[in-house]
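Going by Swiss-Prot, these are the annotated features:
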REGION    1-29  region 'Disordered'
SITE      Ala60  site 'Substrate binding'
BINDING   His93, His95, His168, Asp190  Zn(2+) 1 binding site
BINDING   Asp97, His98, Asp190, His416  Zn(2+) 2 binding site
BINDING   Ala259, Ser260, His261, His390, Ala391, Ser392, Gly393, His394  substrate binding site
Amino acid sequence: MENQERKPRRRRRRRPQEGSQGGPQDHVEIIPLGGMGEIGKNITVFRFRDEIFVLDGGLAFPEEGMPGVDLLIPRVDYLIEHRHKIKAWVLTHGHEDHIGGLPFLLPMIFGKESPVPIYGARLTLGLLRGKLEEFGLRPGAFNLKEISPDDRIQVGRYFTLDLFRMTHSIPDNSGVVIRTPIGTIVHTGDFKLDPTPIDGKVSHLAKVAQAGAEGVLLLIADATNAERPGYTPSEMEIAKELDRVIGRAPGRVFVTTFASHIHRIQSVIWAAEKYGRKVAMEGRSMLKFSRIALELGYLKVKDRLYTLEEVKDLPDHQVLILATGSQGQPMSVLHRLAFEGHAKMAIKPGDTVILSSSPIPGNEEAVNRVINRLYALGAYVLYPPTYKVHASGHASQEELKLILNLTTPRFFLPWHGEVRHQMNFKWLAESMSRPPEKTLIGENGAVYRLTRETFEKVGEVPHGVLYVDGLGVGDITEEILADRRHMAEEGLVVITALAGEDPVVEVVSRGFVKAGERLLGEVRRMALEALKNGVREKKPLERIRDDIYYPVKKFLKKATGRDPMILPVVIEG
């Protein structure tokens, strides 16, 4: 028995934990469902084996050619299918393009409640709670977990997240160091490297440098301003310029900026208080964001905020009004003031209007229309770049170079930008001697597989956009949008035909050329002839409808050069 060979005991294979190494076939899948090749709808899925965490869940705003559409949100079929694998949802900050989609996405994926932890900083969760309540959801039904912008989170068995504070155009903004069994990923989140932020809280680059020293497998970084050379101006520079122009304004001052730009609003309030002006706010989103920021201590006022009614009878030099409308939105306060449609107040000569913002791509014409109207009403209008009253919240080229140098990643994925921004970031990296093949240009819906040695696109998941129209989500198709554009551009002609013993036709046009009685009379005659023939020959209603549609379409095109939407409605009498 003593000489009998002993069999080695089989050891149980341990699952990889934080800092441990996965097997040679292990990989992380990175799946952007929004935010690649576009501005907005930011949401990214990270998966290792059977565990997922999601980063952000944003929305986008409709472009000019999307009539009737209120919001755009990303399709999340993949997350609905794999909901049981989701271990956490992590929010980098409270901007709409990062959390605005959650009141729609959370019920789609989880229903009206979920135990999955949703991590966010204090202001971020404060804004999210307000959004959930606004859409009839109970914040308490979702597992909202407050963290600081520099916390560590253990997500499931495989992901350890070290958040790091990054300056941006909203407080409590973070990037994330993602430690996985195969290596480290650094995600910058939205950022700029502001040396003198309004709240004094600078970017925590020590964590970025530490990750770089340990070795970064993949860098995912903000490409928004990759075309801009130099550095993005500090928010404190903008505060000084706002102080200067508000101090010199002779009459009332109106300021518009993004409602979520708490630091900019704080700068305006400081200047108003310095020069003895009472601050009133007008506009739903401005009031909502500021109320939450005040309650949570992110916005400070010496006195209090006033209503329009309280300041309208004060001397002009004692009044400052913060208003919505930085993007020229038709129902915003500034737009209504510019077009003399505001019920409580009107622009008058001697007023100063400050646009402390820059137009989002696609909104330039709307903003210019508002500016021109304000000038026509006698206001002084101050806007960038003529006045230094706005700075971007995103890093320019020299700041992006610093992040690349601190992390020296093996692989690189430019994120948060249109294709031109991504490409310019790629070229910037190549100018620093990075191999071109180590950088991928991200696409929504792509599945990227990251191993210790490779980073490649290996497939796609269902992706795209859902249109939000009032209470409807996803029930607007591209075909419906095309119909709406057609009606908006060419107009509508409705032909109502009653098929019976005594056929009757009525014709109504909207948004079409000024159709005289002769033109509409000819349409009515053609439709009535087709209707009578159809009734006599006992044709199906669909066939009668076609017999009306095609001749009328051809006639109107020839007579007017226009191609209106023609809607024949044939009713059996």
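Positions of Cβ are set from backbone N, Cα and C atoms, glycine also.
Computed from a predicted structure; not experimentally measured.
In space, His168 is the closest of the recorded positions Ala60, His168, Asp190 to Ser260 (substrate binding site), judged by Cα positions. Local packing around the binding-site residues Asp97, Asp190 was summarised as the count of other Cβ atoms within 10 Å of each Cβ; on this measure the leading residue is Asp190.
When the binding-site residues Asp97, His168, Asp190 are ranked by how far their Cα is from the Cα of Ser392 (substrate binding site), His168 comes first. The most crowded of the binding-site residues listed here (Ser260, Ser392) is Ser260, judged by how many other CB atoms sit within 10 Å of its own CB. The secondary structure of His98 (Zn(2+) 2 binding site), as reduced to three states from DSSP, is helical. Note on proximity: among Ala60, His93, His95, Asp97, His416, the recorded positions of the record, the Cα nearest His261 (substrate binding site) is that of His95.
Restricting the binding-site residues His168, Ala259, Gly393, His394 to those with a CA within 10 Å of the CA of His98 (Zn(2+) 2 binding site) leaves an empty set.
Ranked by how many other Cβ atoms sit within 10 Å of their Cβ, the binding-site residues His95, His168, His394, His416 place His394 at the bottom. For Ala391 (substrate binding site), the nearest neighbour among the listed recorded positions (Ala60, His93, His168, His416), judged by C-alpha distance, is His168. A 10 Å radius around the C-alpha of Gly393 (substrate binding site) takes in these recorded positions out of Ala60, His95, His168, Asp190, in sequence order: His168, Asp190. Here Ala259 (substrate binding site) comes close to Gly283, Ser285, Met286, Lys288, Phe289, Ser290, Thr324: these same-chain residues lie at least six apart in sequence, with C-beta atoms under 8 angstroms from its C-beta. Spacing of His390 (substrate binding site) relative to His168 (Zn(2+) 1 binding site) is 13 Å (Cα to Cα, whole number).
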